[in-house]
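Take a look at the structure set out below.
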Amino acid sequence: MADRDAAADWLARSRAAVAATPLAPESLAVGRVERVADGIAQVSGLPDIALGALVRFEGGQLGFAHSLGISEIDVVICDDASAIEAGQRVIDTGGVLEVPVGEALLGRVIDPLGRPLDDGAPLPSWPTLPIERPAPAIIDRSEVTEPLETGVLVVDSLFSIGRGQRELIVGDRATGKTSLAVDAIINQRESDVICVYVAIGQPAAAVQRVIEAVHRHGAPERCVYVVGGAATSPGLQWIAPFAGMTIAEYFRDRGQHALIVLDDLTRHAATHRELALLTREPPGREAYPGDIFYLHARLLERAAKLSPELGGGSLTALPIAETDAGNLSAYIPTNLISITDGQIVLDTTLFAASHRPAVDVGLSVSRVGGKAQWPSLRQVSGRVRLDYAQFQELEMFTRFGGVPNARVQGRIERGKRIRALLTQPRFSGLSMVGQVAILAALAGGVLDGVSPARIPELRRRLPGWLEGTAGDEVSSVRASGRLDAAPRAALVAAVAALVKDMARGGEVQ
Ligand code: ATP
Ligand code: MG
């Protein structure tokens, strides 16, 4: 910690020094713009500049050194490049790209350099941290043991995510990737988790929809939006995920819990490829430069659960990747799958059949979250995945006219109810106890008498009903995270009573 404070101190002083220096003092290196095109400026006269160093153009625009040649360097311009012309002066500020961090950002919409995009008050320009920071060392980490509840039944029960985990959300265009991540953010209104949503290359309207959804349903005062939208310069879009990580790490390093959504890294990879091709880096597979894997690995490695000595904070990452015609073996999706601790695969066919969230249960996996799942939820969700997978096969088989016997018919009926349960509208997160109750009831056969068409109604009424009829059990399971026989029986009985009430036509709540 002392080291970190010393580093922060040093940064504070060096940044203040840079801010105080007038343009082109003798102590700072001054270069000259030779050419400028496509958001990249070729600059001569800065032979000692470091890779990634922050430069300032004569008009105040910022940029960073992207590749270094013998006599010229390529600078990626982060601001509007229209006023930059050949012959202008450029100074090497001696610093690196930084973003403001801290509580002042909560609830704000900012660009990747920390400049406000909403109409709120100006942000304090201090404290700041570099956008590229080393990931915590293995010794500084601890095992992922606490769950990050998303409120989405299929995720929490089958692919539980732990605090500090990296779970990829991957699927074709418009399969509900953003919606799933936003539901996870919204569900944090009941928790202490701070959320950072990073938009990379997204249209402004899509970003607006996310912000509005969180405002309407979630806890906007604990959310930061970092927007490198489709209309911003490639430089800013490139910076966005790194800046978001730094902002989230600030909270992690203070012992708090943070969640970052990177929407999406396929576009980030495309921006990286664009910059690389413009700066004449040799293209590799699918024309991406060779360092694309390293770029994303070093980004996602920063999500971690810290050891108790470092405060025990956590940073969970939900990167999003887009596939083309479900092709998970394309370069960027495979890279990201191998970097992360699991993936939630969304499927176009399921989405079209209105099974939303369209999670492909066979292809999705969570490699570390199982250990972090609430014991209560683990106890009741064990068989669901198997039952559901069997049902999908049996359903396919009987679709071609096979006449099932009673046992098979029973499985199919149970499977239809599981599917109805896992189909969940947006903004209707279920609490852990609600999920436990409904899955325990399913295992106990209580839902066999409910038609799948009425499951959504059951799910909608469940939270209020449980609070009203089994309040003590709800609080005891919530507090302990475990499910003993007595509360289990009480929760199942409560669901059974709700089923009876529905059968009586009691839908007037
Ligand atoms: P893009 O590829 O454009 O980024 P995406 O994969 O992020 O798309 P979304 O924008 O999240 O997809 O969702 C596409 C549409 O599906 C939206 O209209 C959204 O409202 C709807 N949708 C997503 N999830 C659900 C759900 N669980 N229930 C009902 N509708 C949903
Ligand atoms: Mg999206």
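Residue positions begin at 1 at the first shown residue.
Glycine is no exception: its Cβ is also placed from the backbone N, Cα and C atoms.
Automatic prediction, not curation, is the source of TrEMBL annotations.
With a cut-off of 8 Å between CB atoms and residues at least 6 apart in sequence, the same chain places Lys177, Glu322, Thr323, Gly326, Val345, Leu346, Asp347, Thr348, Ala358 near Gly171 (ATP binding site), listed in sequence order. Residues or ranges marked as ATP binding site by TrEMBL: Gly171, Asp172, Arg173, Ala174, Thr175, Gly176, Lys177, Thr178.
According to TrEMBL, the domain 'ATPase F1/V1/A1 complex alpha/beta subunit nucleotide-binding' annotation covers 151-366. Per-residue pLDDT, averaged over the domain 'ATPase F1/V1/A1 complex alpha/beta subunit nucleotide-binding' (151-366), rounds to 96.
Per DSSP, the domain 'ATP synthase alpha subunit C-terminal' (373-496) is made up of 96 helix, 0 strand, 28 coil. If you look up TrEMBL, you'll see 373-496 marked as domain 'ATP synthase alpha subunit C-terminal'.
The Cβ neighbour count for Ser364 (site 'Required for activity'), using a 10 Å radius over every protein chain in view, is 22. Among the features that TrEMBL reports, site 'Required for activity' is placed at Ser364.
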Fewest other C-beta atoms within 10 angstroms, as judged across Arg173, Lys177, which are the binding-site residues: Arg173
Rounded to the nearest Å - Cα separation of Thr178 (ATP binding site) and Ser364 (site 'Required for activity'): 17
Rounded to the nearest Å - Cα separation of Arg173 (ATP binding site) and Ser364 (site 'Required for activity'): 18
Annotated binding-site residues Gly171, Asp172, Ala174, Thr175, Thr178, filtered by Cβ under 6 Å to ligand 2: Thr178
Rounded to the nearest Å - Cα separation of Asp172 (ATP binding site) and Ser364 (site 'Required for activity'): 14
Cβ-Cβ neighbours of Ala174 (ATP binding site) (radius 10 Å): 12
